[in-house]
Amino acid sequence: MTKSRKIDRLSLLIAVGLFLLSLTLRIPASSESLWVDELHTAWTISGSFPEVSPRAAAGNQQAFYFQALWLWGKIGGQDEVTLRATSAIAVSLSCSLLFLFVSRRESRKRQGGMLCGTAAGLLLAVDGHSIYFGTELRPYAIVILMATIACGCYASLWNQTSADRRGSATWVGLCLCIGTAAVCQITSLAVLGWLPLFLLAKWMYREGFRSFTLQPVDFAILVFFGLVGWSILSVGTSSAWQDRELWSRFASAHSLRQIWTIWPWKWVVVCPFTLWFIAFLVDRHGRRRRLGHSTEQEVRKLFYDSGSLTLSLLLVALLSTLLIWCVAYFEIVSLWHRRYLIATLPILCWCFGAALGTASYTWFRRHGPAQMAGGAISIIFIGMTMMDQGTASRLAKGYWPISRREDWRAAIAFVNERDAESNEVEVCLDPGLIEQHSIETPRLRVEQGEYLRYAIDGPYSLQGDTIWKVSVSGRRLSDAIESYEDPPAIVLSRRGKGRLQSILGATYSAHGFGNVSVGIRQSRNDFRDSGALE
(Lines of atoms letter the chains of each structure in order from A; the text may use other names.)
(Lines give C-alpha, C1' and ligand atoms only; values in the text may rest on other atoms or scores of the structure.)
Protein backbone atom coordinates (compact mmCIF):
# COMPACT_ATOMS: atom_id res chain seq x y z
CA MET A 1 0.00 0.00 0.00
CA THR A 2 1.44 3.39 -1.02
CA LYS A 3 1.97 6.22 1.42
CA SER A 4 -0.68 8.31 -0.36
CA ARG A 5 -3.32 5.60 0.03
CA LYS A 6 -2.38 5.17 3.70
CA ILE A 7 -2.91 8.89 4.24
CA ASP A 8 -6.27 8.76 2.44
CA ARG A 9 -7.40 5.89 4.64
CA LEU A 10 -6.20 7.73 7.74
CA SER A 11 -8.09 10.84 6.62
CA LEU A 12 -11.25 8.80 6.24
CA LEU A 13 -10.82 7.26 9.69
CA ILE A 14 -10.27 10.66 11.30
CA ALA A 15 -13.29 12.14 9.51
CA VAL A 16 -15.51 9.27 10.66
CA GLY A 17 -14.09 9.52 14.18
CA LEU A 18 -14.87 13.23 14.40
CA PHE A 19 -18.39 12.60 13.11
CA LEU A 20 -19.02 9.91 15.73
CA LEU A 21 -17.49 11.99 18.53
CA SER A 22 -19.73 14.91 17.64
CA LEU A 23 -22.81 12.69 17.56
CA THR A 24 -21.86 11.12 20.89
CA LEU A 25 -21.78 14.54 22.55
CA ARG A 26 -25.13 15.59 21.09
CA ILE A 27 -27.55 12.72 20.52
CA PRO A 28 -27.88 11.39 24.13
CA ALA A 29 -29.10 14.76 25.39
CA SER A 30 -31.51 15.12 22.47
CA SER A 31 -34.21 13.16 24.25
CA GLU A 32 -34.76 15.84 26.89
CA SER A 33 -37.79 18.08 26.73
CA LEU A 34 -37.88 20.82 24.12
CA TRP A 35 -37.29 24.27 25.53
CA VAL A 36 -39.41 27.30 24.73
CA ASP A 37 -37.66 28.34 21.48
CA GLU A 38 -37.71 24.76 20.23
CA LEU A 39 -41.39 24.53 21.14
CA HIS A 40 -42.00 27.28 18.59
CA THR A 41 -40.29 25.13 15.97
CA ALA A 42 -42.33 22.06 16.93
CA TRP A 43 -45.56 24.09 16.94
CA THR A 44 -44.72 25.57 13.53
CA ILE A 45 -44.37 22.16 11.90
CA SER A 46 -47.25 20.52 13.79
CA GLY A 47 -49.93 21.83 11.45
CA SER A 48 -50.46 21.59 7.71
CA PHE A 49 -47.80 22.71 5.23
CA PRO A 50 -49.59 26.00 4.35
CA GLU A 51 -49.54 26.89 8.07
CA VAL A 52 -45.75 26.59 8.33
CA SER A 53 -44.83 29.92 6.76
CA PRO A 54 -47.21 32.17 8.77
CA ARG A 55 -46.35 30.36 12.00
CA ALA A 56 -42.63 30.81 11.34
CA ALA A 57 -43.19 34.50 10.55
CA ALA A 58 -45.14 34.92 13.80
CA GLY A 59 -41.95 34.00 15.64
CA ASN A 60 -39.81 36.32 13.49
CA GLN A 61 -38.30 33.37 11.63
CA GLN A 62 -37.81 32.64 7.94
CA ALA A 63 -39.84 29.76 6.57
CA PHE A 64 -37.36 27.72 4.52
CA TYR A 65 -35.84 25.74 7.39
CA PHE A 66 -39.23 25.03 8.92
CA GLN A 67 -40.68 23.87 5.61
CA ALA A 68 -37.80 21.43 5.17
CA LEU A 69 -38.21 20.27 8.77
CA TRP A 70 -41.95 19.74 8.20
CA LEU A 71 -41.08 17.29 5.41
CA TRP A 72 -38.52 15.57 7.64
CA GLY A 73 -41.10 15.24 10.40
CA LYS A 74 -43.57 13.58 8.04
CA ILE A 75 -40.93 11.04 7.00
CA GLY A 76 -39.11 10.31 10.25
CA GLY A 77 -41.56 11.35 12.96
CA GLN A 78 -41.77 14.29 15.34
CA ASP A 79 -40.28 12.99 18.57
CA GLU A 80 -37.48 15.01 20.17
CA VAL A 81 -34.58 12.79 19.10
CA THR A 82 -35.70 12.49 15.49
CA LEU A 83 -36.21 16.22 15.08
CA ARG A 84 -33.02 17.22 16.88
CA ALA A 85 -31.07 14.63 14.88
CA THR A 86 -31.21 17.04 11.93
CA SER A 87 -29.11 19.53 13.89
CA ALA A 88 -26.79 16.92 15.40
CA ILE A 89 -26.07 15.33 12.03
CA ALA A 90 -25.54 18.71 10.34
CA VAL A 91 -22.92 19.82 12.86
CA SER A 92 -21.26 16.38 12.90
CA LEU A 93 -20.95 16.55 9.12
CA SER A 94 -19.45 20.01 9.55
CA CYS A 95 -16.75 18.59 11.83
CA SER A 96 -15.77 15.94 9.27
CA LEU A 97 -15.91 18.33 6.32
CA LEU A 98 -13.91 20.96 8.15
CA PHE A 99 -11.19 18.38 8.82
CA LEU A 100 -11.13 17.36 5.14
CA PHE A 101 -11.11 20.94 3.84
CA VAL A 102 -8.35 22.17 6.15
CA SER A 103 -6.15 19.10 5.73
CA ARG A 104 -6.51 19.26 1.95
CA ARG A 105 -5.63 22.95 1.94
CA GLU A 106 -2.48 22.25 3.98
CA SER A 107 -1.68 19.03 2.07
CA ARG A 108 1.53 20.54 0.75
CA LYS A 109 3.03 19.43 4.06
CA ARG A 110 1.00 16.20 4.40
CA GLN A 111 1.36 15.58 8.13
CA GLY A 112 1.08 19.29 8.79
CA GLY A 113 -2.20 19.37 6.89
CA MET A 114 -3.53 16.38 8.80
CA LEU A 115 -2.72 18.07 12.10
CA CYS A 116 -4.37 21.33 11.02
CA GLY A 117 -7.54 19.59 9.94
CA THR A 118 -7.79 17.41 13.03
CA ALA A 119 -7.39 20.38 15.37
CA ALA A 120 -10.06 22.36 13.50
CA GLY A 121 -12.57 19.51 13.35
CA LEU A 122 -12.00 18.51 16.97
CA LEU A 123 -12.55 22.05 18.22
CA LEU A 124 -15.83 22.32 16.32
CA ALA A 125 -16.93 18.96 17.75
CA VAL A 126 -16.34 19.84 21.42
CA ASP A 127 -16.83 23.61 21.52
CA GLY A 128 -19.59 24.50 23.96
CA HIS A 129 -21.32 26.92 21.58
CA SER A 130 -21.22 24.34 18.80
CA ILE A 131 -22.81 21.78 21.13
CA TYR A 132 -25.45 24.21 22.38
CA PHE A 133 -26.59 25.58 19.03
CA GLY A 134 -25.76 22.39 17.16
CA THR A 135 -28.23 20.40 19.24
CA GLU A 136 -31.04 22.93 19.14
CA LEU A 137 -34.14 22.47 17.00
CA ARG A 138 -33.51 25.73 15.17
CA PRO A 139 -31.74 26.62 11.89
CA TYR A 140 -28.34 27.32 13.50
CA ALA A 141 -26.86 23.87 12.76
CA ILE A 142 -27.73 24.20 9.07
CA VAL A 143 -26.03 27.61 9.03
CA ILE A 144 -22.91 26.02 10.58
CA LEU A 145 -22.91 23.36 7.86
CA MET A 146 -23.37 25.89 5.06
CA ALA A 147 -20.63 28.10 6.53
CA THR A 148 -18.25 25.12 6.66
CA ILE A 149 -18.85 24.21 3.01
CA ALA A 150 -18.58 27.88 2.04
CA CYS A 151 -15.17 28.05 3.72
CA GLY A 152 -14.06 24.98 1.75
CA CYS A 153 -15.16 26.60 -1.51
CA TYR A 154 -13.52 29.88 -0.53
CA ALA A 155 -10.22 28.11 0.18
CA SER A 156 -10.31 26.36 -3.21
CA LEU A 157 -10.88 29.66 -4.99
CA TRP A 158 -8.27 31.60 -3.02
CA ASN A 159 -5.29 30.76 -5.23
CA GLN A 160 -7.25 30.79 -8.49
CA THR A 161 -7.60 33.63 -10.93
CA SER A 162 -10.94 35.18 -11.79
CA ALA A 163 -10.80 33.39 -15.16
CA ASP A 164 -10.41 30.02 -13.43
CA ARG A 165 -13.57 30.49 -11.42
CA ARG A 166 -15.75 31.28 -14.46
CA GLY A 167 -18.20 28.43 -14.71
CA SER A 168 -16.50 26.75 -11.76
CA ALA A 169 -18.67 24.49 -9.64
CA THR A 170 -16.72 25.77 -6.65
CA TRP A 171 -17.78 29.38 -7.29
CA VAL A 172 -21.38 28.29 -7.77
CA GLY A 173 -21.15 26.16 -4.62
CA LEU A 174 -19.89 29.13 -2.59
CA CYS A 175 -22.82 31.27 -3.70
CA LEU A 176 -25.34 28.48 -3.15
CA CYS A 177 -24.10 27.90 0.40
CA ILE A 178 -24.29 31.60 1.23
CA GLY A 179 -27.79 31.82 -0.24
CA THR A 180 -28.99 28.73 1.63
CA ALA A 181 -27.61 30.07 4.90
CA ALA A 182 -29.34 33.39 4.22
CA VAL A 183 -32.79 31.85 3.70
CA CYS A 184 -32.32 29.93 6.94
CA GLN A 185 -31.01 32.91 8.91
CA ILE A 186 -30.60 36.28 7.25
CA THR A 187 -27.95 37.49 9.72
CA SER A 188 -25.52 34.88 8.35
CA LEU A 189 -25.00 37.28 5.43
CA ALA A 190 -23.16 39.59 7.84
CA VAL A 191 -20.56 36.81 8.16
CA LEU A 192 -20.54 34.83 4.92
CA GLY A 193 -21.12 37.85 2.70
CA TRP A 194 -17.49 38.85 3.26
CA LEU A 195 -16.17 35.72 1.50
CA PRO A 196 -17.07 36.63 -2.11
CA LEU A 197 -16.21 40.26 -1.41
CA PHE A 198 -12.71 39.26 -0.31
CA LEU A 199 -12.27 37.06 -3.38
CA LEU A 200 -13.41 39.84 -5.71
CA ALA A 201 -11.11 42.33 -3.96
CA LYS A 202 -8.16 39.95 -4.30
CA TRP A 203 -8.85 39.31 -7.98
CA MET A 204 -9.26 43.01 -8.64
CA TYR A 205 -5.94 43.76 -6.90
CA ARG A 206 -4.12 41.17 -9.00
CA GLU A 207 -5.95 41.49 -12.32
CA GLY A 208 -7.64 44.87 -12.38
CA PHE A 209 -11.19 45.56 -13.53
CA ARG A 210 -11.20 42.71 -16.05
CA SER A 211 -11.89 40.40 -13.10
CA PHE A 212 -15.42 41.89 -12.97
CA THR A 213 -16.37 40.72 -16.45
CA LEU A 214 -19.68 38.92 -16.06
CA GLN A 215 -20.19 35.45 -17.49
CA PRO A 216 -23.45 33.47 -17.94
CA VAL A 217 -22.92 31.68 -14.64
CA ASP A 218 -22.73 35.04 -12.86
CA PHE A 219 -26.11 36.08 -14.25
CA ALA A 220 -27.57 32.80 -13.01
CA ILE A 221 -26.10 33.50 -9.57
CA LEU A 222 -27.56 37.02 -9.57
CA VAL A 223 -30.98 35.59 -10.39
CA PHE A 224 -30.54 33.08 -7.56
CA PHE A 225 -29.73 35.80 -5.04
CA GLY A 226 -32.66 37.83 -6.33
CA LEU A 227 -34.92 34.89 -5.53
CA VAL A 228 -33.24 34.55 -2.13
CA GLY A 229 -33.93 38.22 -1.42
CA TRP A 230 -37.54 37.88 -2.51
CA SER A 231 -37.95 34.79 -0.32
CA ILE A 232 -36.51 36.58 2.70
CA LEU A 233 -38.68 39.67 2.27
CA SER A 234 -41.87 37.70 1.66
CA VAL A 235 -41.86 35.47 4.74
CA GLY A 236 -41.89 37.70 7.75
CA THR A 237 -38.66 39.68 7.63
CA SER A 238 -40.58 42.96 7.46
CA SER A 239 -42.58 42.09 10.59
CA ALA A 240 -39.38 41.05 12.31
CA TRP A 241 -37.90 44.46 11.47
CA GLN A 242 -40.95 46.19 12.94
CA ASP A 243 -40.53 44.20 16.17
CA ARG A 244 -36.78 44.82 16.39
CA GLU A 245 -37.08 46.97 19.53
CA LEU A 246 -38.15 43.88 21.49
CA TRP A 247 -34.81 42.20 20.74
CA SER A 248 -32.97 44.79 22.81
CA ARG A 249 -34.03 42.85 25.91
CA PHE A 250 -31.61 40.03 25.11
CA ALA A 251 -29.42 41.09 22.16
CA SER A 252 -28.16 44.59 22.98
CA ALA A 253 -24.54 45.75 23.01
CA HIS A 254 -23.25 48.18 25.61
CA SER A 255 -19.55 47.44 26.15
CA LEU A 256 -16.49 46.58 24.07
CA ARG A 257 -15.80 43.77 26.51
CA GLN A 258 -18.74 41.91 24.97
CA ILE A 259 -16.64 41.42 21.84
CA TRP A 260 -14.01 39.63 23.93
CA THR A 261 -16.49 37.39 25.73
CA ILE A 262 -18.67 36.32 22.80
CA TRP A 263 -16.07 33.83 21.51
CA PRO A 264 -13.13 32.07 23.23
CA TRP A 265 -10.62 34.38 21.55
CA LYS A 266 -7.78 33.67 23.99
CA TRP A 267 -7.38 29.96 23.28
CA VAL A 268 -8.79 29.85 19.76
CA VAL A 269 -7.15 32.94 18.26
CA VAL A 270 -4.63 34.77 20.46
CA CYS A 271 -2.48 31.83 21.59
CA PRO A 272 -2.43 29.90 18.26
CA PHE A 273 -1.71 33.00 16.20
CA THR A 274 1.02 34.09 18.59
CA LEU A 275 2.73 30.74 18.02
CA TRP A 276 2.10 31.05 14.30
CA PHE A 277 3.65 34.53 14.16
CA ILE A 278 6.72 33.44 16.14
CA ALA A 279 7.13 30.41 13.89
CA PHE A 280 6.83 32.65 10.83
CA LEU A 281 9.59 34.93 12.11
CA VAL A 282 11.82 31.97 12.97
CA ASP A 283 11.28 30.44 9.53
CA ARG A 284 11.99 33.75 7.84
CA HIS A 285 15.20 34.19 9.85
CA GLY A 286 16.25 30.63 8.99
CA ARG A 287 15.79 31.27 5.29
CA ARG A 288 17.88 34.41 5.53
CA ARG A 289 20.69 32.47 7.13
CA ARG A 290 20.49 29.69 4.55
CA LEU A 291 20.22 31.97 1.52
CA GLY A 292 22.39 34.77 2.80
CA HIS A 293 19.83 37.32 1.74
CA SER A 294 16.10 37.78 1.66
CA THR A 295 14.46 39.89 -0.99
CA GLU A 296 11.13 41.57 -0.40
CA GLN A 297 9.62 39.35 -3.09
CA GLU A 298 10.73 36.20 -1.27
CA VAL A 299 9.28 37.45 2.01
CA ARG A 300 5.97 38.21 0.33
CA LYS A 301 5.88 34.75 -1.25
CA LEU A 302 6.65 33.15 2.11
CA PHE A 303 3.87 35.13 3.77
CA TYR A 304 1.41 34.44 0.96
CA ASP A 305 2.08 30.69 0.97
CA SER A 306 2.00 30.29 4.73
CA GLY A 307 -0.93 32.35 5.91
CA SER A 308 -2.80 34.71 3.59
CA LEU A 309 -5.88 32.49 3.44
CA THR A 310 -5.88 31.93 7.20
CA LEU A 311 -5.50 35.63 7.92
CA SER A 312 -8.28 36.51 5.47
CA LEU A 313 -10.62 34.12 7.29
CA LEU A 314 -9.60 35.60 10.62
CA LEU A 315 -10.37 39.05 9.23
CA VAL A 316 -13.82 37.81 8.17
CA ALA A 317 -14.48 36.62 11.73
CA LEU A 318 -13.27 39.89 13.24
CA LEU A 319 -15.12 42.16 10.81
CA SER A 320 -18.41 40.29 11.10
CA THR A 321 -18.25 40.29 14.89
CA LEU A 322 -17.41 44.00 14.97
CA LEU A 323 -20.16 44.77 12.43
CA ILE A 324 -22.87 43.05 14.47
CA TRP A 325 -21.63 44.70 17.66
CA CYS A 326 -21.74 48.16 16.05
CA VAL A 327 -25.22 47.56 14.64
CA ALA A 328 -26.43 46.66 18.14
CA TYR A 329 -24.40 49.29 20.02
CA PHE A 330 -25.66 52.18 17.88
CA GLU A 331 -29.22 50.82 18.28
CA ILE A 332 -29.83 50.21 14.59
CA VAL A 333 -31.09 46.75 15.45
CA SER A 334 -30.24 44.57 18.45
CA LEU A 335 -28.44 41.52 17.07
CA TRP A 336 -25.72 41.02 19.65
CA HIS A 337 -26.16 37.33 20.34
CA ARG A 338 -24.13 34.28 19.33
CA ARG A 339 -27.09 32.84 17.44
CA TYR A 340 -26.86 35.67 14.93
CA LEU A 341 -23.11 35.15 14.52
CA ILE A 342 -23.11 31.37 14.52
CA ALA A 343 -21.67 31.23 10.98
CA THR A 344 -18.46 32.63 12.50
CA LEU A 345 -17.84 29.47 14.52
CA PRO A 346 -16.49 27.15 11.77
CA ILE A 347 -14.40 30.04 10.46
CA LEU A 348 -12.74 30.45 13.85
CA CYS A 349 -12.18 26.69 14.07
CA TRP A 350 -10.53 26.76 10.64
CA CYS A 351 -8.24 29.58 11.76
CA PHE A 352 -7.40 27.72 14.97
CA GLY A 353 -6.42 24.53 13.17
CA ALA A 354 -4.53 26.20 10.35
CA ALA A 355 -2.55 28.55 12.60
CA LEU A 356 -1.70 25.97 15.24
CA GLY A 357 -0.88 23.17 12.81
CA THR A 358 1.30 25.37 10.61
CA ALA A 359 3.09 26.84 13.63
CA SER A 360 3.76 23.43 15.15
CA TYR A 361 5.08 21.95 11.94
CA THR A 362 7.28 24.98 11.23
CA TRP A 363 8.56 25.30 14.80
CA PHE A 364 9.26 21.66 15.59
CA ARG A 365 10.28 20.18 12.26
CA ARG A 366 13.98 20.45 13.13
CA HIS A 367 13.62 19.69 16.85
CA GLY A 368 11.35 16.65 17.07
CA PRO A 369 8.16 15.11 15.77
CA ALA A 370 5.87 17.93 14.75
CA GLN A 371 2.81 15.75 15.00
CA MET A 372 3.32 14.95 18.68
CA ALA A 373 4.18 18.52 19.62
CA GLY A 374 1.35 20.03 17.61
CA GLY A 375 -1.10 17.45 18.86
CA ALA A 376 -0.16 18.11 22.47
CA ILE A 377 -0.53 21.88 22.04
CA SER A 378 -3.88 21.42 20.30
CA ILE A 379 -5.19 19.24 23.12
CA ILE A 380 -4.05 21.79 25.71
CA PHE A 381 -5.72 24.73 23.95
CA ILE A 382 -8.92 22.80 23.25
CA GLY A 383 -8.95 21.53 26.83
CA MET A 384 -8.58 25.06 28.18
CA THR A 385 -11.42 26.19 25.92
CA MET A 386 -13.63 23.41 27.30
CA MET A 387 -12.71 24.38 30.86
CA ASP A 388 -13.51 28.05 30.30
CA GLN A 389 -16.88 27.14 28.77
CA GLY A 390 -17.73 24.70 31.56
CA THR A 391 -17.95 21.71 29.21
CA ALA A 392 -15.08 19.86 30.87
CA SER A 393 -16.53 20.21 34.37
CA ARG A 394 -19.92 18.91 33.24
CA LEU A 395 -18.36 15.87 31.61
CA ALA A 396 -16.19 15.26 34.68
CA LYS A 397 -19.33 15.20 36.85
CA GLY A 398 -20.96 12.66 34.55
CA TYR A 399 -23.38 15.07 32.89
CA TRP A 400 -23.89 15.54 29.18
CA PRO A 401 -22.43 18.86 28.01
CA ILE A 402 -25.83 20.32 27.14
CA SER A 403 -28.91 20.66 29.32
CA ARG A 404 -31.42 23.50 29.11
CA ARG A 405 -33.43 22.30 32.12
CA GLU A 406 -36.82 23.43 30.80
CA ASP A 407 -38.97 20.35 31.26
CA TRP A 408 -42.13 21.56 29.58
CA ARG A 409 -42.98 17.96 28.77
CA ALA A 410 -43.17 16.93 32.43
CA ALA A 411 -44.83 20.19 33.52
CA ILE A 412 -47.70 19.90 31.05
CA ALA A 413 -48.02 16.17 31.72
CA PHE A 414 -48.33 17.03 35.42
CA VAL A 415 -51.27 19.31 34.64
CA ASN A 416 -52.89 16.73 32.37
CA GLU A 417 -52.64 14.03 35.04
CA ARG A 418 -54.75 15.99 37.50
CA ASP A 419 -58.53 15.61 37.53
CA ALA A 420 -60.45 18.85 37.13
CA GLU A 421 -63.74 19.08 39.02
CA SER A 422 -65.02 21.90 36.83
CA ASN A 423 -65.43 21.84 33.05
CA GLU A 424 -63.59 25.13 32.58
CA VAL A 425 -60.18 25.84 34.06
CA GLU A 426 -58.40 29.18 33.97
CA VAL A 427 -54.71 28.94 33.06
CA CYS A 428 -52.26 31.84 33.30
CA LEU A 429 -49.36 31.19 30.95
CA ASP A 430 -46.01 32.90 31.48
CA PRO A 431 -43.73 31.43 28.75
CA GLY A 432 -41.00 34.06 29.06
CA LEU A 433 -41.30 35.45 25.53
CA ILE A 434 -40.06 38.92 24.61
CA GLU A 435 -43.45 39.57 23.00
CA GLN A 436 -45.03 39.56 26.45
CA HIS A 437 -43.46 42.97 27.08
CA SER A 438 -45.55 44.46 24.25
CA ILE A 439 -48.84 43.34 25.84
CA GLU A 440 -50.41 46.55 27.10
CA THR A 441 -52.83 44.89 29.52
CA PRO A 442 -51.79 42.77 32.53
CA ARG A 443 -52.87 39.67 30.63
CA LEU A 444 -54.22 38.74 27.23
CA ARG A 445 -56.72 36.00 26.43
CA VAL A 446 -55.41 33.72 23.67
CA GLU A 447 -57.19 30.99 21.77
CA GLN A 448 -55.79 27.70 20.54
CA GLY A 449 -53.59 28.16 17.47
CA GLU A 450 -52.44 31.67 18.38
CA TYR A 451 -48.72 32.33 18.54
CA LEU A 452 -48.43 33.40 22.18
CA ARG A 453 -49.72 30.07 23.47
CA TYR A 454 -47.61 27.82 21.22
CA ALA A 455 -45.83 26.38 24.28
CA ILE A 456 -48.97 24.44 25.21
CA ASP A 457 -50.35 23.80 21.70
CA GLY A 458 -47.45 21.89 20.20
CA PRO A 459 -46.14 18.41 21.09
CA TYR A 460 -46.87 19.04 24.78
CA SER A 461 -50.48 20.17 24.83
CA LEU A 462 -53.19 20.52 27.44
CA GLN A 463 -55.57 17.64 26.82
CA GLY A 464 -58.75 16.05 28.10
CA ASP A 465 -62.37 17.13 28.02
CA THR A 466 -61.62 20.22 30.10
CA ILE A 467 -62.06 23.61 28.47
CA TRP A 468 -58.75 25.39 29.05
CA LYS A 469 -59.22 29.16 29.20
CA VAL A 470 -55.70 30.45 28.66
CA SER A 471 -54.38 33.96 29.21
CA VAL A 472 -50.80 35.08 28.64
CA SER A 473 -49.34 37.39 31.25
CA GLY A 474 -47.96 40.76 30.33
CA ARG A 475 -44.79 42.36 31.65
CA ARG A 476 -45.37 41.31 35.25
CA LEU A 477 -46.82 37.98 36.28
CA SER A 478 -47.99 39.38 39.62
CA ASP A 479 -50.10 42.03 37.82
CA ALA A 480 -51.61 39.33 35.63
CA ILE A 481 -52.65 37.27 38.68
CA GLU A 482 -54.18 40.31 40.37
CA SER A 483 -56.20 41.15 37.25
CA TYR A 484 -58.34 38.03 37.67
CA GLU A 485 -61.60 38.38 39.60
CA ASP A 486 -61.19 34.74 40.54
CA PRO A 487 -57.48 33.76 40.55
CA PRO A 488 -56.55 31.14 37.93
CA ALA A 489 -56.45 27.51 38.96
CA ILE A 490 -53.12 26.97 37.19
CA VAL A 491 -50.10 29.16 36.58
CA LEU A 492 -47.59 27.73 34.10
CA SER A 493 -44.39 29.75 34.12
CA ARG A 494 -40.87 29.69 32.72
CA ARG A 495 -39.41 30.35 36.16
CA GLY A 496 -37.83 28.26 38.86
CA LYS A 497 -40.01 26.79 41.60
CA GLY A 498 -38.76 29.11 44.35
CA ARG A 499 -39.15 32.24 42.26
CA LEU A 500 -42.67 31.33 41.18
CA GLN A 501 -43.67 30.50 44.75
CA SER A 502 -42.43 33.89 45.97
CA ILE A 503 -44.57 35.64 43.33
CA LEU A 504 -47.73 33.62 43.91
CA GLY A 505 -47.55 33.45 47.70
CA ALA A 506 -49.24 30.94 50.01
CA THR A 507 -52.38 30.80 47.89
CA TYR A 508 -50.57 28.53 45.45
CA SER A 509 -48.41 25.44 45.66
CA ALA A 510 -45.50 25.54 43.19
CA HIS A 511 -44.12 22.40 41.56
CA GLY A 512 -40.78 22.66 39.80
CA PHE A 513 -39.65 21.01 36.57
CA GLY A 514 -36.24 22.54 36.09
CA ASN A 515 -36.65 26.13 34.97
CA VAL A 516 -40.36 25.57 34.33
CA SER A 517 -42.85 25.54 37.20
CA VAL A 518 -46.54 24.90 37.73
CA GLY A 519 -48.50 26.80 40.35
CA ILE A 520 -51.65 25.06 41.64
CA ARG A 521 -54.18 27.23 43.48
CA GLN A 522 -54.90 25.86 46.94
CA SER A 523 -57.64 28.21 48.13
CA ARG A 524 -60.39 26.02 46.69
CA ASN A 525 -60.55 22.43 45.48
CA ASP A 526 -60.40 23.05 41.75
CA PHE A 527 -58.30 19.96 41.27
CA ARG A 528 -58.34 16.58 42.87
CA ASP A 529 -54.88 14.99 42.88
CA SER A 530 -54.90 11.76 40.89
CA GLY A 531 -51.55 10.46 42.07
CA ALA A 532 -49.46 12.63 39.76
CA LEU A 533 -45.86 13.53 40.40
CA GLU A 534 -45.50 16.10 43.16
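Glycine is no exception: its Cβ is also placed from the backbone N, Cα and C atoms.
Keep in mind that TrEMBL annotations are predicted by a computer and have not been checked by a curator.
Features as listed in TrEMBL:
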- 81-102: transmembrane segment (TRANSMEM)
- 114-134: transmembrane segment (TRANSMEM)
- 140-159: transmembrane segment (TRANSMEM)
- 171-199: transmembrane segment (TRANSMEM)
- 219-241: transmembrane segment (TRANSMEM)
- 262-282: transmembrane segment (TRANSMEM)
- 302-328: transmembrane segment (TRANSMEM)
- 340-364: transmembrane segment (TRANSMEM)
Count, for each of 114-134, 171-199, 262-282, 302-328, 340-364, the Cβ pairs lying under 8 Å from the transmembrane segment (81-102), and report the range with the highest count.
114-134
Hey, which bits of the same chain come close to the transmembrane segment (171-199), Cβ under 8 Å, at least six residues off its ends?
62, 64-65, 139-140, 142-143, 146-147, 149-151, 153-154, 157-158, 165, 217, 220-221, 224-225, 228, 231-232, 237, 312, 315-317, 319-320, 323-324, 335, 339-344, 347
Should anything in the same chain at least six residues away from the transmembrane segment (140-159) have a Cβ under 8 Å from its Cβ atoms, list it; otherwise answer none.
65, 86-88, 90-91, 93-94, 97-98, 100-101, 105, 124, 130, 133-134, 165, 168, 170-171, 173-174, 177-178, 180-181, 184-185, 188, 191-192, 195, 198-199, 202, 308-309, 312-313, 339, 342-347, 350
Can you work out which residues elsewhere in the same chain, 6+ from the ends of the transmembrane segment (262-282), have a Cβ less than 8 Å from its Cβ atoms?
123, 127, 129, 302-303, 306-307, 310, 314, 317, 321, 336, 338, 341, 344-345, 348-349, 351-352, 355-356, 358-360, 362-363, 377, 381-382, 384-385, 388-389
Using Cβ atoms and a strict cutoff of less than 8 Å, what residues sit near the transmembrane segment (302-328) while being 6 or more residues removed from its termini?
105, 151, 154-155, 158, 187, 190-191, 194-195, 198, 202, 251-253, 258-259, 262-263, 269, 273, 276, 280, 283-284, 287, 334-336, 340-341, 343-344, 347-348, 350-351, 354-355, 358, 362
